[in-house]
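Visitor: Below: one structure in structure tokens.
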Amino acid sequence: MSTLRIPIALQQAVMQCLRHYLQLANQHLGTAYPEPKVNYHQRGTNAGSAYLQSFEIRLNPVLLLENKQPFIDEVVPHELAHLLVYRQFGRVAPHGKEWRWMMEQVLKVPASRTHQFEVASVRSKTFNYQCKCQQHSLTIRRHNKVLRGESEYRCRQCGEKLQFITINPD
């Protein structure tokens, strides 16, 4: 897989946003937390991830390029809040009351757990499975575990083991 090149202006916008919210947090909390490392290696449908111990934020380059400023405005403070909560409170629920407080009271942004960006360009192929009551879509990773006999999946509604039917077209 080739690496996407993020334009310098977009990287600068990410860092400007990050620094703005970090400054807000440091002023509000009376702290001097350092600037986290930022990279653009997040894959799949996740917009970003916060790596707590390494104080690092990973951003999805495809979703960033497709959504630009809305991505920056939503995802950067979301992931920064995870890092700040970990530094301030230790290990707590990922989107718990501490995280919501950090988002709303400290960073002054809405506390949204998930993004609403279009993910068709980053979604992987899925595989159709069936139970007694409905059809399910499994990712390639889960499908391969079934094929290798490493896992089996059951319906949360009826409890029946899922049976493979077809591959979903892209």
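Just so it is clear, glycine is given a Cβ too, placed from its N, Cα and C backbone atoms.
According to Swiss-Prot, the protein has these features:
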type	residues	note
DOMAIN	22-165	domain 'SprT-like'
BINDING	His78, His82	Zn(2+) binding site
ACT_SITE	Glu79	active site
Visitor: By DSSP, what is the split of the domain 'SprT-like' (22-165) into helix, strand and coil residues?
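Guide: Per DSSP, the residues of the domain 'SprT-like' (22-165) fall into 55 helix, 26 strand, 63 coil.
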Visitor: If you draw a 10 Å sphere around the Cβ of His78 (Zn(2+) binding site), how many other Cβ atoms fall inside it, taking every protein chain shown into account?
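Guide: Its Cβ shell of radius 10 Å holds 26 other Cβ atoms.
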Visitor: Take the Cβ of the residue listed as 'active site' and count every other Cβ within 10 Å, whichever protein chain it belongs to.
Guide: 23
Visitor: If you average the pLDDT over the domain 'SprT-like' (22-165), what number do you get?
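Guide: Mean pLDDT across the domain 'SprT-like' (22-165) comes out at 94.
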Visitor: Can you give me the same-chain residues 6 or more apart in sequence from His82 (Zn(2+) binding site) with a CB-CB distance under 8 Å?
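Guide: Looking at Cβ-Cβ distances below 8 Å from His82 (Zn(2+) binding site), excluding near sequence neighbours, one finds Ala50, Leu52, Pro94, Trp99.
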